[in-house]
Amino acid sequence: MVSPVTVVKSEGPKLVPFFKATCVYFVLWLPTSSPSWFSALIKCLPIFCLWVFLLAHGISFLGAHSSARKILAGLIFSALGDAFLIWQEQGYFSHGLLMFGITHILYSSAFGMKPLNLRAGLIIAVISGLSYTLLYPYLSGPFTYLVAVYIALIGFMGWRAIAGVQLTNDLWTWTKLSACLGAVLFMVSDLTIAVNKFCFPVPHSRAIIMATYYAAQMLIALSAVECQDVDAARKRA
């Protein structure tokens, strides 16, 4: 297993553009009340940088590891989802929901089905059910089932990411922990979006949503770095 110190030294410089783009987003803090292509670009820029981060590892690396390709594809759909959500008040919220739903399917496939870890799945199912129970009274029309499907998809993604963390055996890698933390932060970000949009205003919601979202995407992108070790672990599992 590659040590975290080695990872910071080797991967840190490749993430500098992502951190700069994230700082630009928070410094400019463009108003959401005036959507524009410029605000969409600024919002998507950190995700574009994560595309570059994965591509910087080489086309041969992506060609050899399906997990990395799926995560890259998920980041592409995430950027589309971010762009749609810029115009959510103009009727594009469901389009963003669809793009992120595809993202979670791709991430779930990248994380794989081994180990199964049914206990983690049960815990996530309970949390997902409670989340939908909280939101249900405030939902109407197509969102009644769209939100249900989305919660199921992100919950499944979270299960597959969390299931990979087995600290007690020799198959554990830091990248699995990275995927787990990324998935949890993604769920926190999206639950905040849902509560703020459908239930009641969440104080500092935008800051919470975007901070957890960018951190989640970075951690999930990082989880692809050692996917050769993950592939080998799956074969031994």
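Positions of Cβ are set from backbone N, Cα and C atoms, glycine also.
Annotations in TrEMBL come from automatic prediction, not curation.
TrEMBL annotations:
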| type | residues | note |
| --- | --- | --- |
| TRANSMEM | 37-59 | transmembrane segment |
| TRANSMEM | 71-87 | transmembrane segment |
| TRANSMEM | 93-113 | transmembrane segment |
| TRANSMEM | 120-139 | transmembrane segment |
| TRANSMEM | 145-162 | transmembrane segment |
| TRANSMEM | 174-195 | transmembrane segment |
| TRANSMEM | 207-225 | transmembrane segment |
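Most Cβ pairs under 8 A with the transmembrane segment (207-225) among the ranges 93-113, 120-139, 174-195 are made by 174-195. Spatially, the transmembrane segment (145-162) is not adjacent to the transmembrane segment (37-59); fewer than three Cβ-Cβ distances between them are under 8 Å for residues at least 6 apart in sequence.
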